[in-house]
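Below: one structure, written as structure tokens.
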Amino acid sequence: MAVTKKNRRYGMIVDVDLCTGCGACMVACAAENNVAPAPEKATDRTGITPMRVYPVHNGAPADKRQTAFLPLLCMHCSEPPCESVCPQQAVELDEATGIVTQMPQRCLGCRYCMTACPYHARYFNWWDPQWPVGMEATLNPTVAPRMRGVVEKCNLCASRLHAAEDQATADGQPPPATYVSACVEACPTGAMVLGDLDDPTTEAQKLAHAEGTFQLLAKLGTGPKVHYHSSRPWVRSLAERSAKEQANA
Amino acid sequence: MPSFDDRNMIPRGLERCSPRGFALRIAPWLLLFAFGAYSIYLCLRYGLNQTNMDNRFAFGLWIFLDLTVIALGAGAFFTGFLLYLMKWKALKSVINSAVIIGFVCYSGAMVALAVDVGQPARAWFTFWHPNVHSMLTEVTFCITCYLTVLAVEYIPILLKHRKLKQIPSFLVFEFELHRIIPVLAAVGTLLSFFHQGSLGGLYGVLRGRPFAYREGFAIWPSTFFLFILSAIAAGPSFILLTTKLAEKLSNKPLVRGGVYEMLGKTSGVLLTVYVALKSVDTLIWLNRTSPAAGFTPWEFYTFKPFGTWILFTEIVLLGMIPALLLLSARLRAKPVVLTCAAILACCGVALNRFVLTIQTLALPTLPFDEFLSYFPSWQEFGVFAAVLAYGVLVYAFSFRYLPLFPDEKQLTAPVEVEELEYVSRN
Ligand code: SF4
């Protein structure tokens, strides 16, 4: 049977109401993608956290205060502002998967893409990656470590996707409508769902169109493929708010 | 002790201070340069962790410096354009100096850029896998080409050196070069238009940064055109200032008075056009572009310290005021007013570049983000210092050993020179 290869549009839906802010996704992401332990001098602004959980609150006084957590990763924008700015085509929107890929081996470290990304989803290797003796044994052989001086970001665990695609091909099946990224696998509450947003059989597609689903900074025209869901109006209104309104809330 | 004597290296008929005086004057700059070179070494050897930039503030002092220095260096191509293509002959008296300023500014910016990227050895990748949609590709191509043009334009000035002049083949070469200078000026103008513009486009295209994003014409955002205009408006002012500074330091007149007013007037007219268009652009951004992206523009100005004062300073204090001062023939005739207005114009361009680079990055876009701040590390200042010191040194050596100002001879010793020329002609 001929395997039909249609373009997929992988995306993610994060249920903010389920996220407890435990940070397991951040750790799993770093381990999966061979992110070296941060050097001593690193700060939260110079470390590498392709997945980063932001705490947000409703701005109410202590007794009425509510907190939520927003795991932020690359939104794999449909119109990625980071792609068109790269001077040497090290960033690419893969039409077959909808994943915005980053080629660290071609990156010259100009960081223009970092200023272009409104989600701050890109990270620069300020230091040479170094693993304490013995820890190199934990490296993931399917992901190439990155060197100092280049930019990196979430690639939706492309190596896991490739493995899933290979498996599908071996089984004579079409490319998978869904697969499991490291963060999705690690989340203890199952707050994250990954899948082809164009495939009506996936849960991701259904959730993307469910009530209470929203995108961040959608007005900028970036077309983020990571969606958030919450039944709490104040969380949803975050997407519409500006930082100033949020600060004054 | 044998003392160093460089009198036979100094252009004939020109007075220069003693070698010892010169050495004393350049010593602090050499020290500063050494400090800067050390900073550059640290950044190249250990990487950009030597800076205070981070993942949120990914561009910093250097990009601001590059944009400003390249804008001020615009005087080189614009003076060349006015002299060789528009035939404003009077500008001949500053063209050599302008070329050197341009060369220094561009090569300095290139050095800073090379330190600014994480993998300098990969810079050539841009030529190999160019992304034609990126403003940075346009910048890289145009600046590289234009720096080559500037280097070629510098050669005839170098060949005017007393010793080099004695080599006949160099004389022929210089003569040949002179014939293509107008062509170079034309090419340089074209290249400069594009790279000044694309430097403006660099931020103007950032859809994800509503503070900087601008609508525009075809593929170019309005900042593309505003950058060209502001650069050619400030360029002549910067040439005026550097020449005046050279006059002050060497304590002698170098150019005829009218030239300054000509430069001032050029700056004034262009600055007026620029300020008018910049105001229109700001209004469009306030009323249309920013609201369309879902951002109330005035909110950007509520993050301290970047209040509306910065907009007022940029457009009125450092834009409209110097423009008006330079436009009025009566005011322009007063040297103090002329100098002050030129300083204001240059500061205005610098502030514009600051707003676009630093303020843009400091302002949050995500609703749960906060105002970001950053202060450069000493290594970043060091690289800045290296570029500055390098500029001063190249200019100082050029001034001492090359005939930079063709009028200097006549202005400092009119009678003898005329006599000498008479004698040599007969
Ligand atoms: S979130 Fe940022 S890095 Fe990811 S595709 Fe969009 S602009 Fe690029």
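Every residue, even glycine, has its Cβ placed from backbone N, Cα and C.
The transmembrane segment feature in TrEMBL is assigned to B:21-41 (among others).
The feature transmembrane segment is assigned by TrEMBL to B:61-85 (among others). Here the transmembrane segment (B:61-85) has long-range neighbours at 91-92, 94-95, 98-99, 101-106, 108-109, 112-113, 115-116, 143, 146, 150, 153, 181-182, 184-186, 188-189, 191-192, 195-196, 199, 227, 230-232, 234-239, 266, 346, 349-350, 353-354, 356-358, 376, 380-381, 383-384, 387, meaning same-chain residues at least 6 beyond its ends whose C-beta is under 8 angstroms from one of its own.
According to TrEMBL, the transmembrane segment annotation covers B:97-115 (among others).
Residues or ranges marked as transmembrane segment in TrEMBL: B:135-159 (among others). Panel annotation: around the transmembrane segment (B:135-159), residues 70, 76-77, 80, 96, 99-100, 102-103, 106-107, 109-110, 123, 126-127, 165, 170-171, 173-174, 177-178, 181, 184-185, 187-188, 191-192, 194-195, 198-199, 201-202, 205, 398, 402, 404 of the same chain, lying at least six beyond its termini, place a Cβ under 8 Å from a Cβ of the stretch.
Taken from TrEMBL, the feature transmembrane segment covers B:180-206 (among others).
Sequence annotations record features per position, and here TrEMBL assigns transmembrane segment to B:218-241 (among others).
TrEMBL lists B:262-286 (among others) with the feature transmembrane segment. Distant neighbours of the transmembrane segment (B:262-286): 82, 88, 90-91, 94, 214-215, 222-223, 225-226, 229-230, 232-237, 239-240, 297-298, 311, 315, 319-320, 322-327, 329, 332, 338, 341-342, 345, 348; these residues of the same chain sit at least 6 beyond its ends, with a Cβ under 8 Å from one of its Cβ atoms.
Per TrEMBL, the feature transmembrane segment maps to B:306-329 (among others).
Under the heading transmembrane segment, TrEMBL lists B:336-361 (among others).
Marked as transmembrane segment by TrEMBL: B:381-402 (among others). Long-range contacts of the transmembrane segment (B:381-402) within the same chain: residues 6, 9-11, 16, 22, 25-26, 29-30, 32-33, 35-40, 42-43, 61-62, 65, 69, 96, 100-101, 103-105, 107-109, 111-112, 115, 157-158, 160-162, 242, 246, 250, each at least 6 residues beyond the stretch ends and with a Cβ under 8 Å from a Cβ of the stretch.
Here the transmembrane segment (B:336-361) has long-range neighbours at 56-60, 63-64, 67-68, 71-72, 200, 203, 206, 209, 211-212, 223, 230-231, 233-234, 237-238, 240-241, 244, 260-261, 264, 267-268, 271, 306, 310, 313-314, 317-319, 321-323, 325-326, 372, 374, meaning same-chain residues at least 6 beyond its ends whose C-beta is under 8 angstroms from one of its own. Remote same-chain residues near the transmembrane segment (B:21-41) are listed as 50, 111, 115, 378-390, 392-393, 396, 400 (criterion: CB distance under 8 Å, separation of at least six residues from the stretch ends). Note on the transmembrane segment (B:218-241): residues 70-79, 94, 97-98, 101, 192-193, 196-201, 203-205, 212, 260, 263-264, 266-267, 270-271, 273-274, 277-278, 281, 284, 322, 326, 338-339, 341-343, 345-346, 348-349, 352, 356 of its chain, located 6 or more positions outside it, place their CB under 8 angstroms from a CB of the stretch.
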